[in-house]
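Chemist: Take this structure, written in structure tokens, and hold onto it; I'll ask about it next.
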Amino acid sequence: MLGRFFNHQKETQAVDVKTDVPVHVAVIMDGNGRWALKRGLPRNIGHREGMKTIHSITESANDIGVQVLTLFAFSSENWLRPKTEIDFILRLPERFLSSELPKLQANNVQVRVMGAVEDLPSHTKKAVETVMHETADNDGIILNLALNYGGRSDIVQALKLLGSDIEQGRCQIEDITEDMISDKLYTSDFPDPDLLIRTSGEIRLSNFMLWQMAYSEFWFTDVLWPDFSTEDFAEAISVFQQRKRRYGGV
Ligand code: IPE
Ligand code: IPE
Ligand code: MG
């Protein structure tokens, strides 16, 4: 894990200590399609609107002092959608790059991407590589976009890396620890999410960060992602701050 983060989990292990600002917030941005359908519009318009929310929530998270904001943008199961919708979603990183890059720079945001990026179309890959490269030296909030991401496949790719270490004699099976698995996940640079937000009223994980959410606090809202406001985000943070995290203690 990078030295730049506070290890919130360790700092807040004492019982009854009110947690402060979450270091890492993860969001399942859901409800774009329903937002559009409610207005008699094509689903893709919902995805376009949802991109505006990404901008406002990143700014808000930055202002609040969140250090990592991970957004679920495209899951490894979203390939099941109609091709026209997939194509539209996978063009969004290019739009994001052209419309958001100056603002990301001005706000000192570092963009990262996690998931099976190698399987994305080359135009999507190019856009995400460019935005990561252009923002690599920024040391403000990390905007971590989960693209072609699945929690189970994250664990599978981690186990393959670990298996290769064993095969090469770099470690022994009996020496495997939880930290060694965490260090092979896409999120190896970040602390586990303190808070998970899911919009649109669905109460499930949909294969998001399964390993990493062992002790995350969950907050759900019926608000659809394109309508999700900075006030809604502030409410989630405030609810988080009332929670008592016990990590199995009393
Ligand atoms: C979330 O919105 C965005 C992606 C999954 C890419 P949806 O497209 O899932 O919207 P609903 O859930 O159908 O309303
Ligand atoms: C989860 O939302 C994936 C993203 C937000 C990118 P989905 O809309 O794909 O999840 P399900 O299908 O309702 O579980
Ligand atoms: Mg959905």
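Keep in mind that glycine also has a Cβ here, set from the backbone N, Cα and C atoms.
Curation does not apply to TrEMBL; its annotations are automatic.
Found this in TrEMBL, in case it helps:
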type: ACT_SITE; residues: Asp30; note: active site
type: ACT_SITE; residues: Asn78; note: active site, proton acceptor
type: BINDING; residues: Asp30, Glu217; note: Mg(2+) binding site
type: BINDING; residues: 31-35, Arg43, His47, 75-77, Trp79, Arg81, Arg198, 204-206; note: substrate binding site
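Are these features on the surface or tucked inside, and what touches them?
Modeler: Asp30 (active site) falls within neither a helix nor a strand when secondary structure is assigned with DSSP, and so counts as coil. For Asp30 (active site), the same-chain residues 6+ apart in sequence whose C-beta sits under 8 angstroms from its C-beta are Arg198, Thr199, Ser200, Glu202, Ser206, Leu224, Trp225.
Following the DSSP three-state reduction, the secondary structure of Asn78 (active site, proton acceptor) is helix. Counting every protein chain shown, 18 other Cβ atoms lie within 10 Å of the Cβ of Asn78 (active site, proton acceptor).
Counting Cβ atoms from all protein chains shown, Trp35 (substrate binding site) has 25 others lying within 10 Å of its own Cβ. Annotation note: Trp35 (substrate binding site) sits in a helical segment as assigned by DSSP.
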Chemist: Measuring Cα to Cα, tell me the gap between Ser76 (substrate binding site) and Glu217 (Mg(2+) binding site) in whole angstrom.
Modeler: 24
Chemist: Work out how many Å separate Gly31 (substrate binding site) and Asn78 (active site, proton acceptor) at their Cα atoms, rounded off.
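Modeler: On Cα coordinates alone, these residues lie 14 Å apart.
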Chemist: Of Asp30, Gly31, Gly33, Ser76, Trp79, listed as recorded positions, which ones have a Cβ less than 6 Å away from ligand 1?
Modeler: Asp30, Gly31, Gly33
Chemist: Does DSSP give Arg198 (substrate binding site) helix, strand or coil?
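Modeler: In three-state terms, Arg198 (substrate binding site) counts as strand.
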Chemist: For Glu217 (Mg(2+) binding site), what is the secondary structure state per DSSP, taken as helix, strand or coil?
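Modeler: DSSP assigns Glu217 (Mg(2+) binding site) to strand.
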Chemist: Listed recorded positions are Asp30, Gly33, Trp79, Glu217; which sit with C-beta under 6 angstroms of ligand 2?
Modeler: Asp30
